């Protein structure tokens, strides 16, 4: 496995179009599942590449950027064990010029959910992902469905800018108690961690309800605990991400929940009701 | 020479990374000079590709878009004679989805000159050029220095987004009386056409002056005529495009001048004075 930190080294280490797994590090089993999907797509002889970069321009809260877990040595170990061929670990200084002035903006899908409460977040995501696509020129890239809105926005970027990269979606990987795997879980206290699986249980329980307002009220009641604070809880059209007034089309039940300073997200795709 | 109008046909017509000349058609000798430079870069066996697309999202005035000259048959003839291998003529419908929501934005270099008077223009330019880059995956692309600000912004986009395309700049090609070649020249009346070379003469005359305020006053007096109206006339730093207060660094003397509804631009790069 090669580990490179400059675009120049990266380009010389790439033998052909790899399959890319963009990450911010602090790798867990969810990331390793993305790696396995990348391997399936690349084939045994193709290159699987992982980028590890905590992207400063997608953080709206400086404290969140500061506190984001950084575990490079163990990340590299996990990548090696998972059969990754190439890891790219650029510095923020090498990714962004002090006078950088070009940003990729998405103006529709990013207006709701995480976009509404994290201004500039998805512009930062789009910009870094497009940079990585240009740096790696991958044939495909793998993203997790846990970040459903991010996945939808990246698909939109690829469509609208004709980016020649196939986007592969991977289902959310969960802890045994249902909590969606996330690098941020490591920042939860023991009692917070014990409380957090209620998020997933609440989404599943609410999914039985047909009427959106009642569905959201059911979910809200089941999520709330003395340990958390709901950032948002919404039922949106699964394609446009606009609020859904009924369930005649596929919808997404999505939430972001704060435990102290730690913000967790999860979602559930609901089929159209006939 | 192959002529294709869909991205799918385009991708199958590309044998390797071409050298691209993006145009809006109404081709003149300036464009054909860009084609010759593309040929030099591609080599005799490389592919030279020309895109012809009047990009609606870079026009700030609907009348200008409507009136922009469209001369496809003669354009194709000129491309054929110039040895172009591939011409791409997409429709606006095939380039832009009705619900498109992703835009490339440049926030620094586009604040002055044409950017100040044409809101959204350079975002439209960046977006379409990046789409073309993704569609063609060229090794290089050629742009004229007549559109100096556009060239600077595209270079910035390539730098900030790590776009793997070499940008080749081509000096402005001029009519025998000094008027910068432009597709818009065809829309000038005979008297306007006879008056327009004063723009170039004014820039050259003013270049002798050291002090910026005096330099601009000299240029303004020499450009103005009863037939025209100056949109802007500025002396800016050649790198940042911010107003220059002296000539200690290389500067750009740039102007946009309306003849009736027709807007002409020209510029002159001035060396730093020691």
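Any Cβ shown, glycine's included, is placed from N, Cα and C.
Whatever TrEMBL says is automated annotation, not expert-curated.
Residues or ranges marked as active site, proton donor in TrEMBL: B:31. Annotated ATP binding site per TrEMBL: B:24-31, B:144-147, B:173, B:181-184, in sequence order. The feature (R)-pantoate binding site is assigned by TrEMBL to B:58, B:150. According to TrEMBL, the feature beta-alanine binding site maps to B:58.
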Among the binding-site residues B:24, B:30, the one whose Cβ has the most other Cβ atoms within 10 Å is B:30
Whole-Å Cα distance, residue B:183 (ATP binding site) to residue B:150 ((R)-pantoate binding site), is 16
Under a three-state DSSP reduction, the secondary structure at residue B:30 (ATP binding site) is helix
Should one count Cβ atoms within 10 Å of each candidate's Cβ, the binding-site residues B:145, B:150, B:173, B:183 would be headed by B:150
Ordered by sequence, the long-range same-chain Cβ contacts of the residue listed as 'active site, proton donor' under 8 Å (at least 6 apart) are B:21, B:23, B:50, B:78
Densest Cβ environment (other Cβ within 10 Å) across the binding-site residues B:27, B:58 belongs to B:27
Taking only the CA atoms, the spacing between residue B:145 (ATP binding site) and residue B:58 ((R)-pantoate binding site), expressed in whole angstrom, is 18
Taking only the CA atoms, the spacing between residue B:173 (ATP binding site) and residue B:150 ((R)-pantoate binding site), expressed in whole angstrom, is 16
In three-state DSSP terms, residue B:145 (ATP binding site) is classed as helix
Integer Å value for the Cα distance linking residue B:30 (ATP binding site) with residue B:150 ((R)-pantoate binding site) is 16
Students should find that the Cα atoms of residue B:27 (ATP binding site) and residue B:58 ((R)-pantoate binding site) sit apart, in Å rounded to an integer, by 18
